[in-house]
Amino acid sequence: MSNLFSKIYPPSFRVNHQKLHQNSSTISCCSNNDEQYYSSTQHNGWVLNTFPEKNLVPHQHGIVKPPRPKRIILVRHGESEGNVDESVYTRVADPKVGLTEKGVIEAEECGRKMREMIEKNDDDDDWKVYFYVSPYKRGIETLRNLAKSFERSRIAGVREEPRLREQDFGNFQDREQMKIEKAVRARYGRFFYRFPNGESAADVYDRITGFRETLRSDIDIGRFQPPGQQSPNMNLVIVSHGLTLRVFLMRWYKWTVEQFEGLHNMTNGGMIVMERGYGGRYCLSMHHTKEELQKFGMTDEMLTDQEWQKIAKPGELNYDCLITGPSYFTHFDDDDEYKNFEM
């Protein structure tokens, strides 16, 4: 067993048992070569080491978490060949459909607008951008063209993320059959209808839920922060597809299926900005006007919730939110008693 332990945990990461705190199963252990601390716990006699990311900074009062990014910016790809001519999908695989010349221009313009927005609203000059991008060709081409507005020193990194791909409509598509399928979807419901050999929006919701957890973990540990930096002016940019981004917003803000189906697609090369509010949560109304959000398809109840998001802290619940509570029930009296309810 000792040989196995040695292979898994090299000497530089052995536990210093003298730092086991009294009446606690938590162990503070450190490298023999430096003073960086690591967290360990005991379970059934085993010492389980967890090594925090480079940006979880040791402090006299415990680990200091990195600041949350200033914004999460959602970008739909520029105009694609498939947006202009749907017959393209009969001969070109969806992941290989690229941008048109107009789509390239839209992506470049998106980058210019994004930089202008950041510079206009950020007082400090230490801001950076970090990209998550769909692996589809039109997503990559959008990223490369919008990124022309940012010099190397402004780009903290990029990650290709397959879960941000377009809804799967089923390999090579028969144009006439696809018209029929979309007509059926309109009757069945945009969220639950699954294309033959493809996905429904509900399927996209499932994989976006996984991506959201990855994103939240990245935010919590500051994975995108450059080594040794703790800037609160980081901007996360998600370059993806129209339906995928609407599902992302639905999942993030816990919108209902009915509310999702009332949303409109973003324009090619368009942006939706989730900005950190006064309490630390991400809010759409920090950047967008009420009119812009209504044009996107948001209801009065959704707009009211965004006003709460603007001032709320992470982890807090909106007990008066009509989206997630009393609107589901019909037997309550119209009084204040049932308002303090949260699903």
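Cβ coordinates come from backbone N, Cα and C, glycine included.
Long-range Cβ neighbours of G78 (substrate binding site) (same chain, at least 6 residues apart, Cβ-Cβ under 8 Å): L99, T100, K102, G103, V104, I105, E106, A107, C110, R138, E141, T142, N145, N268, G269. What TrEMBL lists as substrate binding site is R76, H77, G78, E79, S80, E81, G82, N83, R138.
Annotation comment: TrEMBL describes H77 as active site, tele-phosphohistidine intermediate. Within the same chain, residues at least 6 positions away in sequence whose Cβ sits under 8 Å from that of H77 (active site, tele-phosphohistidine intermediate) are L99, G103, A107, S134, Y136, R138, G139, E141, T142, V239, S240, H241, N268, G269.
Long-range neighbours of E166 (active site, proton donor/acceptor) (same chain, six or more residues apart, CB within less than 8 Å of its CB): D94, S134, Y136, H241, L243, T244. The active site, proton donor/acceptor annotation in TrEMBL covers E166.
Sequence-distant neighbours of S80 (substrate binding site) (same chain, six or more apart, CB under 8 Å from its CB) are V97, G98, L99, T100, G103, R138, N268, listed in sequence order. Neighbour count (other Cβ atoms within 10 Å of the Cβ, all protein chains): 27 for R76 (substrate binding site). Other residues of the chain with a Cβ within 8 Å of the Cβ centroid of R76, H77, G78, E79, S80, E81, G82, N83, R138, the substrate site, are V97, G98, L99, T100, G103, T142, N268. Non-local contacts of G82 (substrate binding site) by the CB criterion (under 8 A, 6+ apart in sequence, same chain) comprise V88, Y89, D94, V97, R138.
For R138 (substrate binding site), other Cβ atoms within 10 Å of its Cβ number 29.
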